[in-house]
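Shown next, in structure tokens, is the structure this report addresses.
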Amino acid sequence: MYWLLFLFFVHFLRHGLCDTSTRSNGSGTMNPAGINITNSTYMNATWQSNSLSHELAVRSQRDIMSNITIDQVPFPGINLNSVLFHKAFIVNNNGSHLPFNESIAFEYFQNIMVYGAQSFVVDIEVGMNYSWVLKETDVLLSDLLIQMRNFISATNNNLYGNVLMLLLRVDPTIKLASARNKTIYNSRLNFTDDLFNKFPNLNITGILDNTIGRSFIYTPSDFLGTYDPPYSIDNSTNFWPTLGALMYGRRKRLLAMEITNSFDALESNYIFTNHNLTYDVGNVSISCPYNRDQFISASETTFKFLEARYTKSEVEMYSGCGYSPMIANRFDSANITALIDLLAPAVVWSWAVGQPILTVSVPRKTSDLVAENCAAFNFAYNNFSANWFVENCYSKKRALCRSDKQIFNWTATNVKDSYFEMDGYRGETKCPNTYSFSIPRTPLEQRSILLQFEASQFNDDTLWIDLNSISVSNCWVSGGSYASCPYQRAVSTRNFVAMMVPVTVCSFVLLMMALYFSLFRIPIYDNRYNWRRVVNNYSKTEVDGVPS
């Protein structure tokens, strides 16, 4: 009986208070289910699993961009041929090169996706067996896509899901070996239905179908078939869906685009042509926006990528200019972990390093009001930078406000107050007329704030922004102090008491009944010997046999 009561309480506490699908890797960090990102070492390179703060930062950025059209969402990524899939990638402890091992490269590829890289440019060519392979390797494109499918399947939930970009750079030249003299002849293929029928391994549509799966791919026919309403706050005049509509409405996880111009849309109806993106390579003249008109113009350009060999400061700068950096630096198995530091400013463009800090319990003896559940925008004038930090919601600060008419116009409130007084929930807002309490939702918007504050000689300050984890700790949402967490059910103190009272009363009654039956036994059960004697005496009076 006591064990039943105990199990009942455990079941209630586990399933009645929290509704979450997170899974722990056993080391205190939350990782996508099914993806092995435990610390792995190979040739002096150790890849550390993500910290919980990093995962919260990436998730909060994704969520605040849910109303941004996908062509304006940053997709930081890498050139797979330069970073992983090249003949000099595998080295031993002495620095000597070893034969290429694609299983090791695939392991790091999974780790890079888990860290937060979202776009991958792949140089492909036709191999000797008329199959698509990564250029200058024997790695099949289909094997690479299977790795992407495994990641998509393992992260196909609201906690870890995100959209990936596959960018194909196609070399249409095929190298044919003569059987007689082993001479290599070059021939340029014309991709037609007849060629695909003769060599099905060259049919990109079929490869994507058999690896990723049609249900996960957002195709040109999806784009042309139905238009999602432009719920975004940017000035884009196109009809690309918002990130939220693509992920949660259509449940799509991959866009495939071609950088070159080898495929006709009719032969590959799963791939967007290069007319849908801006892809620059190397030391090109890149202009960053500096005024409102330039910011608006930048926001009207779809899918801007810049592939180059970067430094960390350049990754941060070009991210702020509205580009998705495509890192083409050469790495090997000994220094591949340095890619994390290079990707970091693009993967987490908002929060400071180590932020958001995890919410901890507040000592009960304190007399001050403390709630470390609100985000603040920390502007530094001298080094032209800004990062987000977790602050006490009851602290008095000014707030960041966005113009209701011009999305790249910003200001700050004149008065300082707690976070709870800034969102206008009580009918009053501290922001000026035609301005609203807001938050920068892309690196481009964050850069517009920096330039505007710099031009107005705005002093170093920390401003409230529309982001908090008030409803559920460590679940960061925008929409004011009463915004709810989509991943957990929040239970207030009042509701918790209301839920616990009937359970406690019922449990107390059951406990009293158990005590009663254990202390005051039934008389017949307690006097078993006397009862057995009465039965035996009665049996003696009965007549044996059949009466005559």
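Each Cβ is built from the backbone N, Cα and C atoms, and glycine gets one as well.
Feature annotation from Swiss-Prot across Asn235, Asn537 places N-linked glycosylation site at Asn235. The two recorded residues Asn129 (N-linked glycosylation site) and Asn276 (N-linked glycosylation site) have their Cα atoms spaced 32 Å from each other. The CA atom of Asn276 (N-linked glycosylation site) is located 35 Å away from the CA atom of Asn101 (N-linked glycosylation site). For the glycosylation sites Asn67, Asn101, the largest tally of other C-beta atoms within 10 A is found at Asn67. Taking CA atoms as the reference points, Asn101 (N-linked glycosylation site) and Asn335 (N-linked glycosylation site) are 16 Å apart.
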